[in-house]
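**Student:** Feature annotation from TrEMBL assigns compositional bias 'Low complexity' to 384-398. Under the heading region 'Disordered', TrEMBL lists 265-285, 366-406. The repeat 'TPR' feature in TrEMBL is assigned to 101-134, 532-565, 566-599, 600-633, 702-735.
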Amino acid sequence: MEGVLIDCVQNSLRHLLYRNAIFMCERLCSEFPSEANLQLLAACYLQSNQAYSAYHILKGTQMPQSRYLFAISCFQMDLLNEAEMALCPSNEPSAEVPNGAAGHYLLGLVYRYTDRIKSAAHQFNQALSLDPLLWAAYEELCKLGSAGEATAVFGESAAECIQKQYACHDVAAPQLQSSSDDHHLVSGRQQAESVSPRHLRHLHVNNIKENSVNHNGAVFSGSAASQPNNGVHANISFYNTPSPMANQLSGVAPPPICRNMLPNGPNSSSVGADGSPRSTVKSTIQAPRRKFVDEGKLRKISGRLFSDSGPRRSTRLAGETGTIANLSGVAVPANGANHSSKYPSSSSKLGSAAFRSVTVRKGQSWSTESFTEGTRSELDDSRSNTTTTSGSSPSPDTRSSERDGSIMSIGRSSMTVSKAASGASEVLSLMKVLGEGYRLSCLYRCQDALDVFLQLPHKHYNTGWVLSQVGKAHFELVDYLEAERAFSNARLASPYSLEGMDIYSTVLYHLKEDMRLSYLAQELISTDRLAPQSWCAMGNCYSMQKDHETALKNFQRAVQLNSRFTYAHTLCGHEYVALEDFENGIKSYQNALQIDARHYNAWYGLAMIYLRQEKYEFSEHHFRKALQINPRSSVIMSYLGTSLHALKRNEEALTMMEKAIIADKKNPLPMYQKANILVSMEDFDGALQVLEELKEYAPHESSVYALMGKIYKRRLMYDKAMLHFGLALDLKPSATDVATIKAAIEKLHVPDELEDNL
């Protein structure tokens with residue numbers, strides 16, 4: 001009975017029938033109460049996004065696997081202290097972290113969100129040392145700014161580790177096969193008279209399947225391997241970190257979006273003759289080339305240089321891309337209904353290990369098939385020989401059949417081991433390029449990151465994740481047209497993916513593409529209403545319409561769905577500042593920094609608030625913190641120079657403006673601020689020279705002509721002053737700028753008042 005119930009529960013989990021799995025597992029635990037069965041029940045609740053149920057079931061359990069599942073439930077419920085105690089009991093300081101690499105990864109997340117960055121980095125490095133293909137751990141290291149070069153992380157030591165894992169797998173395979181055969185052949189002889197041959201074969205194949213699924217789905221850590229194994233409970237360990245097997249099953253199927261699908265099938269990619277996926281992106285999509293100056297980018301600063309506007313949104317970025325931006329449940333149910341969970345997404349081994357272990361493509365994985373195929377001939381022969389005495393020798397056909405079956409069962413595993421070295425080398429070479437590109441992107445060396453991504457094969461470059469990273473890099477370079485192109489291609493490649501869509505919506509915000517932004521927001525909401533990216537896009541849509549209160553509600557909705565989504569907190573701060581609610585704006589930025597201390601535009605937002613409040617020392621401090629994280633941002637340098645100028649440190653301010661101009665020669669802001677500083681130092685000739693050069697970059701910027709009019713007025717050249725004030729008005733500045741310019745014209749012959757008002 002126990003075996004039948006367990007088989008029913010696992011079959012329900014494979015087919016995502018969580019209600020049925022929970023019901024049958026409750027019957028199992030009632031009839032056969034044991035901690036191993038409680039683990040299975042907790043796993044059912046976790047996969048159905050009911051972490052609170054798993055928490056109460058596993059509270060007080062002691063087995064390593066129970067502690068790991070309990071820690072997952074605590075993490076989802078934001079009980080980080082209890083999660084840490086489960087993974088590292090204080091009364092057992094020498095206890096190993098359960099589940100190897102996955103356990104260290106989870107402990108690293110706990111340390112990260114409790115602001116213990118060094119300890120978190122250590123745990124992520126430990127996870128990578130145990131499983132070099134645990135990409136999520138390297139991703140977290142990149143976000144912490146603690147990642148080593150990808151060539152070292154995914155180098156020879158990683159290849160040796162993978163080969164050792166395959167070698168251990170190869171040794172374990174025949175032992176598992178032999179012990180399983182002996183056990184079932186003996187039981188078959190004992191029950192031959194009471195059980196029909198058909199029923200005997202059915203039970204035997206089911207048990208072999210269970211053993212093979214457990215064998216293929218997990219690599220046991222030292223603590224997990226020491227657990228008592230009751231045969232049918234062996235598959236409980238499917239939450240352990242999976243070995244780098246050939247068929248790492250993917251997560252859930254994408255929503256039924258039918259765009260850009262191949263005409264001969266429903267899949268978004270197909271497998272070519274060489275086994276590599278062919279991208280569905282049109283063949284015309286090539287590696288993007290950077291454009292230089294375009295009118296759209298110059299237009300976006302209009303009206304901001306001359307007046308004291310709100311925080312510049314061009315400094316927004318995606319503070320969370322993987323990890324925390326797309327935190328989801330242990331196994332994501334259909335239609336993405338689980339994005340509100342705080343548990344890492346299926347892109348991480350921690351989130352996907354459980355799902356892979358209970359999801360079987362076309363009924364069986366290759367390892368399972370090899371075991372069943374290898375034992376079927378033995379089953380037939382053992383059934384035919386159950387009535388023979390132990391002293392009788394099997395026929396030649398029987399020996400041949402057994403020998404062929406054992407060869408068949410182990411042959412595929414041996415073939416995989418023989419190819420492990422070359423396969424690991426190929427995978428790691430790909431990981432080196434992806435890892436280095438992502439590392440450079442997190443360090444805001446965006447042009448270097450773009451160059452690295454261009455080294456990828458065409459089929460990997462034209463995938464949703466890579467194109468999203470390319471779009472983010474162009475976004476940080478304030479190259480919105482190229483960023484829009486990359487994100488648009490990412491939507492074509494993966495129309496069901498929400499990776500980077502919050503940044504895509506901000507790109508459309510800067511390009512003033514209100515129709516496209518509205519369409520994107522509606523599309524994302526229809527794809528997944530419980531994803532924070534969807535509500536960030538909706539909030540940007542309202543913000544473009546100057547409906548800041550509604551935009552704020554949408555951003556707050558994103559925070560409610562995922563309290564660790566850093567970018568949503570920052571966007572809330574921007575809207576509070578637009579509403580001149582500086583107190584709540586400061587709180588929002590501080591919340592963002594509590595989640596991710598390297599989210600530089602939260603530091604920038606705080607600095608802009610202090611700048612507007614004329615708290616220049618605080619402003620300088622926060623601008624320097626932002627610049628320390630992103631040392632290549634021309635915008636941060638410009639405003640840091642402005643703070644230094646307000647503190648009467650003009651020489652330092654000029655030096656900073658020169659650095660900002662060199663960092664981005666297409667950014668007119670530092671040139672304009674440099675001219676302002678020169679005017680305050682009464683270097684009118686130098687200021688006019690800078691402004692004449694600036695006119696070439698921004699010929700339609702009214703504030704440039706207004707400042708030139710002010711300089712000519714100071715030099716008593718009233719005709720030229722009037723000419724430039726008129727040119728500034730002809731360029732249709734904002735209402736505030738119009739009032740300021742008209743006041744300057746009215747007081748053209750009153751130098752002191754002109755100085756005060758301009």
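Placement of Cβ uses the backbone N, Cα and C atoms for every residue, glycine included.
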**Student:** Give me the DSSP three-state residue breakdown of the repeat 'TPR' (532-565), ordered helix, strand, coil.
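**Tutor:** Its residues divide into 27 helix, 0 strand, 7 coil.
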**Student:** Take the repeat 'TPR' (702-735) and average the pLDDT across it for me.
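**Tutor:** Here the predicted model's pLDDT, averaged over the repeat 'TPR' (702-735), is 87.
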**Student:** Counting by DSSP, what is the helix, strand and coil composition of the repeat 'TPR' (101-134)?
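**Tutor:** Across the repeat 'TPR' (101-134), the residues distribute as 27 helix, 0 strand, 7 coil.
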**Student:** Could you count the residues of the repeat 'TPR' (600-633) that DSSP puts in helix, in strand and in coil?
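**Tutor:** Residue counts in helix, strand and coil order: 27 helix, 0 strand, 7 coil.
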**Student:** Using DSSP, how many residues in the repeat 'TPR' (702-735) fall into helix, strand and coil?
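**Tutor:** Tallying H, G and I as helix, E and B as strand, the rest coil: 27 helix, 0 strand, 7 coil.
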